[in-house]
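According to TrEMBL, the protein has these features:
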- 12-480: domain 'Aldehyde dehydrogenase' (DOMAIN)
- 252: active site (ACT_SITE)
Ligand SMILES: NC(=O)c1ccc[n+]([C@@H]2O[C@H](COP(=O)([O-])OP(=O)(O)OC[C@H]3O[C@@H](n4cnc5c(N)ncnc54)[C@H](O)[C@@H]3O)[C@@H](O)[C@H]2O)c1
Ligand SMILES: O=C/C=C/C=C(\O)C(=O)O
C-alpha cells in the first residue's frame, strides 16, 4: 500500500497515526497518509524559520528565481505522475487535469519567479520644513514563515498558487493540503528534494483541520502569515487563530456566483460558457455559477439548450476518451450535495434534468457520482439559492431588466465571481462596475492571467492575490527616509 509522508526540513517523516486517502471514482483506497501532530508541525515551523534565516534568506533573488523555474521544469518532466496522482485523488477527467490543473502547477512557479524580478518599490522626494530635501524609498522584505492551507477541488493548482509567489518573494512555507487530496502535495515535496531546494524552505504536513495539523499550524506562534483557500466558515476560524499574535491573513473563500445571460448574447457561446461554469470539475470550482439569470425572451430556449448540454456530459473512467464528467470528491460530499437535491424539491423546484445520484455500472457503483442538475421555479429565499452547494447544479430564473439582474446578482452574502453574456459592450462594462465581486468575466469564464488581482468581496474573502497583489501579501514594506 502506498504511503504519503510528511516532508519536514528535507526529511520524510512518518507518524504512528494514519488516515485513508480514497478514490471517489469507486471508493478504492489510494494510500495511507501519515497525519502530522503538534510535534511535527512544530518541527516544520522551526525548520522554515531556520531556512529563512539561513540558505533561502541569503540567496540572491535571481538564484531563488532559477530554482523555482527548475521546480516548474521538474513538474513538467513528471507531468504524468502528477496527472495520475490528481486523478486518483479527485476522479477528475484526464482531459481537464491535463489542460488546467497540472500546467498551472508549473506556471504558478514559472510566472512568479519571473514577476518577482520585476516588482517595483516606491520612492518620493519631498521638501522638508527646514527648506531642505529628503528622499523616501521602500524596501521589501519577505514576510517570513507562511502557512499555506489549501482545499481539495483544484489541489495542485490552488496550493502552488500560494507556494509559488510565497517562495518567489523569499519566504519559507509550511503547507497543509486538504486531507481529501494529499497526493500532488507529496509529489511536489519530491520535486523540491530533486531540484535541491534547501531543507526547511518547503515543508509539508498532512492532516485535518480542527484538533489536527491545520489548527496546529494556524495557531502556531512561529507563523508570520496565513494564506487560506476554502470554505468561509473555516476562514472565520482561521482568522480567529490569526488574531493571536496579530498575524495577517489572505482568505480566498466560498461563493454563490451569478451568471447573467441577456437576450442579445451569442446564444451558443453562452450555453457553452454556462455549461462550463456550472458543470466543469463537477461544479466544484469556487468561481462556478450555481445561479443563472436569463432575460425572459430567451428563457425557455436557454433552459432547453442547457438541459441538452447537461445531458450530453459523460461520466466514466477518467482516462476514457470522451469522458468529461467526474464524481464528487468524496462520499461525504456526495451526501451533502444530494441533501440539497432533496431540499430543492421540497422547496418547490422543477427538476429540468438530474436531481439524483448517478447509478453507474461495475466498480463505479461505489463512487461519489451525482447527475448534473438544473432547476427552475425556486424562490430566491430558498437555501438552494442562498448557500454554496459546490456541486454540478444550477438554478435558472428569468429577469426583465438590467436593473433587476444587478439586484439579483448582488443579493448574496458572497462576492467572488460573476459571468455575463451579452453583445452590448456598454451594458457589459456597466455591470462590471455594479456587481459586487472580485472577479467579473464578460462573455467568458475562468480565463486567467496570473498578473491580475484574484479574490473575493464580502464573505468570499479578504485581500487579493495575483501579480503585484501577491507581492503585497508575501512581503513587508519598510519606508526608509533619508535627509539630504
Ligand atoms: N475563493 C477561492 O479562490 C476558492 C478556491 C477554491 C475553493 N474555494 C472554496 O473552498 C471550499 C471547498 O474546499 P474545502 O471543502 O476543502 O474547504 P475547507 O474549508 O473544508 O478546507 C480547506 C482546508 O482547510 C483545512 N481546515 C479545515 N478546518 C480547519 C481549521 N479549523 N484550522 C485550520 N485548517 C482547517 C482543511 O483541512 C483544508 O486543508 C468551497 O467553499 C470553495 O468555494 C475557494
Ligand atoms: O476553485 C477555485 C478556483 C480558483 C482559481 C484560482 O485560484 C486561480 O486560477 O488562480
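Glycine is no exception: its Cβ is also placed from the backbone N, Cα and C atoms.
For the domain 'Aldehyde dehydrogenase' (12-480), the model's average pLDDT works out to 98.
Mapped onto three states, the DSSP output places the residue listed as 'active site' in strand.
The Cβ neighbour count for residue 252 (active site), using a 10 Å radius over every protein chain in view, is 27.
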